[in-house]
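Chemist: One structure is given below, represented as structure tokens, and several questions about it will come after.
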Amino acid sequence: MQPDPSGSGGDGNANAKAKLAPPPVTAAGGRPVSVLPHKTANVRDHYRIGKKLGQGQFGTTYLCVDKASGGEFACKSIPKRKLLCREDYEDVWREIQIMHHLSEHPNVVRIRGAYEDALFVHIVMELCAGGELFDRIVAKGHYTERAAAQLIRTIVAVVEGCHSLGVMHRDLKPENFLFASAAEDAPLKATDFGLSMFYKPGDKFSDVVGSPYYVAPEVLQKCYGPESDVWSAGVILYILLCGVPPFWAETEAGIFRQILRGKLDFESEPWPSISDSAKDLVRNMLCRDPTKRLTAHEVLCHPWIVDDAVAPDKPIDSAVLSRLKHFSAMNKLKKMALRVIAESLSEEEIGGLKELFKMIDTDDSGTITFDELKEGLKRVGSELTEHEIQALMEAADIDNSGTIDYGEFIAATLHMNKLEREENLVSAFSFFDKDGSGFITIDELSQACREFGLDDLHLEDMIKDVDQNNDGQIDYSEFTAMMRKGNAGGAGRRTMRNSLQLNLGEILNPSNS
């Protein structure tokens, strides 16, 4: 095995937060200059970097080959220009540490090493070439409660493994589980620990992170612990059994309202034919009171998980597979479009926010106080009350320091107003509409999938889910309707914001709203 160039192997200490070495800082005391605590070899000295496998909000994953052994791995390359503040640097370093910390778990993707150069941080890890969880189920064409029980057993075993080592995943969703290979018996592996945190018993967290459908109610209420991972696994189980999420609405805010107050539906098809034991487990994983929710260990001891005779082996209704296909396809198309928009935002746009930050930060301290925010809002003509300004302040202040730093300010102001601006939607639509016909066809979607390194097995479903007039293609109005519906993907590293932070962006950038 390659020696670990990051020097960040796990030491089994659950309270590992304390050992998180801060990256070096520039002489001026500003943004860090590196993520890793010491210099590493160049990744290309050891690996040949090959084709693109996929692209996320913060990094691109490539196939890479070990020059010494010929073994194939995955290399996630994170551009340092996307790390806007100290907290972003620390997040990447923490992700590397957590991957080392969990590397002995059989269902966690194994890290091989981390490298850094002037422009990128590279994380080399085990290659999982077997595709995403839902894609495998859909490709099979049928599955049973017993098969669903086996999948949830694996997912919750990962959660239990994380919690036993003092790690909270915080972004459990089907897209973050990949099969190691295309083999029928390939193990399922958890990936993407970019939002994960070290914790110790009794710790409570307040930053709102995760992905809308899967986020626990206590996360939205800004006071949560590891129990939130069990809720997310419960959402995955619900989707596996019926093909749609338990809490659904047309907008992100609507999804959150449903999560906080909505009723679980066990009446619609196929629930009447699902076993009582499965429904009991779902209820107890999706209990809104985290103190009464099952722990990961208790889930693994539930009869539906433990006893093969309890989970029926008869095929689940084929309509569930059809829904699952649509749900998965919709996520992929929207994610591609979101990435196109994120990549198209210019330095000038962020530069404008930088100037706005400087204008409000009158003492050049690098942070905005309540008084500075109040004065800044007054200067742009806002008539908010002190109470409303305080609410905005608390919503944008991710680390609860009482001030807003540059990274928090960018995250709070560079969000939905950019996504929903007409020119950004036009630009994203044009990316897919290669021939400029005004329609996105199946061939154009196939080409886009290849450019993003995505499997294009379910292109018909991608189109069908968005195509309101059933003409077999997507026009601009259908595309924008999809983009403005409840957000299908995660908003990434600390950028899933509540409405107060969206309002902060709108108030400070009225011309962009």
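The backbone N, Cα and C atoms fix where each Cβ goes, glycine too.
Below are the features listed in Swiss-Prot for this protein:
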| type | residues | note |
| --- | --- | --- |
| BINDING | ASP397, ASP399, SER401, THR403, GLU408 | Ca(2+) 2 binding site |
| BINDING | ASP433, ASP435, SER437, GLU444 | Ca(2+) 3 binding site |
| BINDING | ASP467, ASN469, ASP471, GLN473, GLU478 | Ca(2+) 4 binding site |
| DOMAIN | 47-305 | domain 'Protein kinase' |
| DOMAIN | 348-383 | domain 'EF-hand 1' |
| DOMAIN | 384-419 | domain 'EF-hand 2' |
| DOMAIN | 420-455 | domain 'EF-hand 3' |
| DOMAIN | 458-489 | domain 'EF-hand 4' |
| REGION | 1-33 | region 'Disordered' |
Chemist: CB neighbours of GLU444 (Ca(2+) 3 binding site) within 10 A?
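Modeler: Its Cβ shell of radius 10 Å holds 19 other Cβ atoms.
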Chemist: Round to the nearest Å and give the CA-to-CA distance linking ASP433 (Ca(2+) 3 binding site) with GLU478 (Ca(2+) 4 binding site).
Modeler: 13
Chemist: For the domain 'EF-hand 4' (458-489), what does DSSP give as the number of helix, strand and coil residues?
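Modeler: Taking each residue of the domain 'EF-hand 4' (458-489) in turn, the totals are 16 helix, 2 strand, 14 coil.
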Chemist: Give me the non-local Cβ neighbours of GLU478 (Ca(2+) 4 binding site): same chain, 6+ apart in sequence, Cβ-Cβ under 8 Å, ordered along the sequence.
Modeler: VAL466, ASP467, GLN468, ASN469
Chemist: With DSSP as the yardstick, break the domain 'EF-hand 3' (420-455) down into helix, strand and coil residue counts.
Modeler: 22 helix, 2 strand, 12 coil
Chemist: Measuring Cα to Cα, tell me the gap between SER437 (Ca(2+) 3 binding site) and ASP471 (Ca(2+) 4 binding site) in whole angstrom.
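Modeler: ASP471 (Ca(2+) 4 binding site) has its Cα 14 Å from the Cα of SER437 (Ca(2+) 3 binding site).
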Chemist: Can you give me the same-chain residues 6 or more apart in sequence from GLN473 (Ca(2+) 4 binding site) with a CB-CB distance under 8 Å?
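Modeler: Counting only residues 6 or more apart in sequence, the Cβ neighbours of GLN473 (Ca(2+) 4 binding site) under 8 Å are PHE439, ILE440, THR441, ILE442, ILE463, ASP467.
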Chemist: Counting other CB atoms within 10 A of each CB, which of the binding-site residues THR403, SER437 comes out lowest?
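Modeler: Relative to the other binding-site residues in THR403, SER437, SER437 has the fewest Cβ atoms within 10 Å.
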Chemist: Given SER401 (Ca(2+) 2 binding site) and GLU444 (Ca(2+) 3 binding site), what distance in Å do their CA atoms have, once rounded to a whole number?
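Modeler: On Cα coordinates alone, these residues lie 47 Å apart.
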